[in-house]
Amino acid sequence: MKLYNTLTRKKEEFIPLEEGKVRMYACGPTVYNYFHIGNARTFMVFDALRRYLIYRGYDVTFVQNFTDVDDKIIRRANEEGVAPEEISERFIKEYFYDAGTLGIEKADIHPKVTENMAEIIAFVAKLVEKGHAYESNGDVYFDVSKYEEYGKLSKQSLEDLQAGARIEINEYKKNPLDFALWKSAKAGEPSWESPWGNGRPGWHIECSAMAKRYLGETIDIHGGGGDLVFPHHENEIAQSEACSGKKFANYWLHVGYLNVDNKKMSKSLNNFFTPREISEEFDLENLRFFMLSAHYRNPINFSRDLLEAAKNGLDRLYTGKNNLEYLLENAAEREVSEEEKNFIHGLQSFKNQFIDAVDDDFNTADGIAVIFDLVREINSHISEKNSKKAVEASYDLLMELTGVLGLLKREAEDLEEEIERLIAERQQARKDKNFALSDKIRDDLKEKGIVLEDTAQGVKWRKL
């Protein structure tokens, strides 16, 4: 498997630190609001990458943090007249809800900044002790001039960065590029005791400290959105490597922007959509399919027309799945013919093509193209005349390859929730004496193969 490493600007063979194991960290959200679908793209890519690494036989430990103390959280808390932790806890819950609707599984560990304060303070103290950071009026800054490789991730020299740095009035910093590791307390803001007085951590140090605590001083894969290359990830490398004297991460992966009218989707431009807004028009699995149908490093221009096209593509895969499920229910346990044996053997080539495609810098777009080729092959060879074994082999491979990407998961659980929702809607219609709507819901469900039975214990349903 090869991955494009932002650090080296080239594809490299993926060789984990420890054979068969992967330690991966992705920067998570600052929890002051609902995340938008531009953020969702990054979360989905790392979710799918983790699934694929597991599929390829790796034991993956995946960490994605929550930034639960931040200026934006404090600002919103003040606007609403509540404590900052009330805001962060609310939007952590909302994150998990929205992530779930997009098929994003929970990371192995979701650390919060506020639960790792001792580790953060110890990290800052070590940097001060080693001469890489200095205290100034209750703040602690990282001394960029003491880290010679600063700029290696973003491919910028220290001289160029200094020349381009905005002239800011900060008498406490030695250099405009020096960044805060610890910020002294302000009235009315959350703070923690430290050797430099009460305060709270800077943004960059949080991820370094949590990655070290949960994954070690050197990790396999670190990543996030493309907007994090500089300064966030650049600063993480500087402080982590200055602290440990070791390489921080072997592979740096960054996800391309999701654009609207060729401009990056962002809250600051107010050109964003949340998953909840998209769900008013589309099943959110269509959004996942749309995102994974492009290479993760390429920017995507978002539009409803493109999402509609993605829906049509995903519908074709569902049609293939549904056809095979119908054939499975009706297939005869007959002997496998020689032609079928050749067909079943030939299915392996699609699995190999899929792995070859996705192994090449996690190219899910080409992987999905292989899945469509597989469906076409199945459609041209499988019918009611085939043995159950041939149908099963086709179905199993389709579900295996789509499952790796978290696709074709709708049915089962989602179907049950939808049925229960429609039953509740029908009950309300009957209470309101809206019998036309009540009958329509019953008939619509019957068309989908679901029969409702009114009993003394309430409405029950069964499949035809």
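Heads up, the Cβ atoms here are built off N, Cα and C, so glycines get one too.
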Feature motif ''KMSKS' region' in Swiss-Prot, mapped to one of the ranges 264-268, 349-353, 414-418: 264-268
Stretch carrying motif ''HIGH' region' according to Swiss-Prot (options 29-39, 161-171, 304-314): 29-39
Pairwise Cα distance for CYS207 (Zn(2+) binding site)/LYS267 (ATP binding site) [Å, integer]: 22
Binding-site residues (CYS27, CYS207), the one with most neighbouring Cβ atoms at 10 Å: CYS207
Cβ-centroid neighbours of Zn(2+) site CYS27, CYS207, HIS232, GLU236, 8 Å, sequence order: TRP203, HIS204, GLU206, SER208, HIS222, GLY224, LEU228, HIS233, ASN235
Integer Å distance between the CA atoms belonging to LYS267 (ATP binding site) and GLU236 (Zn(2+) binding site): 24
Per-state residue totals over the motif ''KMSKS' region' (264-268) - DSSP helix, strand, coil: 0 helix, 1 strand, 4 coil
Cβ-Cβ distance under 8 Å to HIS232 (Zn(2+) binding site), same chain, at least six residues away: CYS27, TRP203, HIS204, CYS207, GLY224
Densest Cβ neighbourhood among GLU236, LYS267 (binding-site residues), 10 Å radius: GLU236
